[in-house]
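Novice: The structure that follows is given in the form of structure tokens.
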Amino acid sequence: GVPCAESCVWIPCTVTALLGCSCKDKVCYLD
């Protein structure tokens, strides 16, 4: 549930996705 400082409104999580972040409510989150 920690914001990863990357949005996913128009494109999916990219750099932060490699760290385990996923898209939730238009923002990339880690747990």
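Keep in mind that glycine also has a Cβ here, set from the backbone N, Cα and C atoms.
The annotation disulfide bond is assigned in Swiss-Prot to Cys4-Cys21, Cys8-Cys23, Cys13-Cys28 on the grounds of similarity to another entry.
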Novice: Under DSSP, is Cys28 (disulfide bond) part of a helix or a strand, or is it coil?
Specialist: strand
Novice: What's the CA-CA gap between Cys13 (disulfide bond) and Cys23 (disulfide bond) in angstrom, rounded?
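Specialist: Between the Cα atoms of Cys13 (disulfide bond) and Cys23 (disulfide bond), the distance comes to 6 Å.
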Novice: Compute the C-alpha separation of Cys21 (disulfide bond) from Cys28 (disulfide bond), stating it in Å without decimals.
Specialist: 6
Novice: State the Cα to Cα distance, in Å, between Cys28 (disulfide bond) and Cys8 (disulfide bond), rounded to an integer.
Specialist: 6
Novice: Do you know which of the disulfide-bonded residues Cys4, Cys21, Cys23 has the most other C-beta atoms within 10 angstroms of its C-beta?
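Specialist: Its Cβ has the most other Cβ atoms within 10 Å: Cys21.
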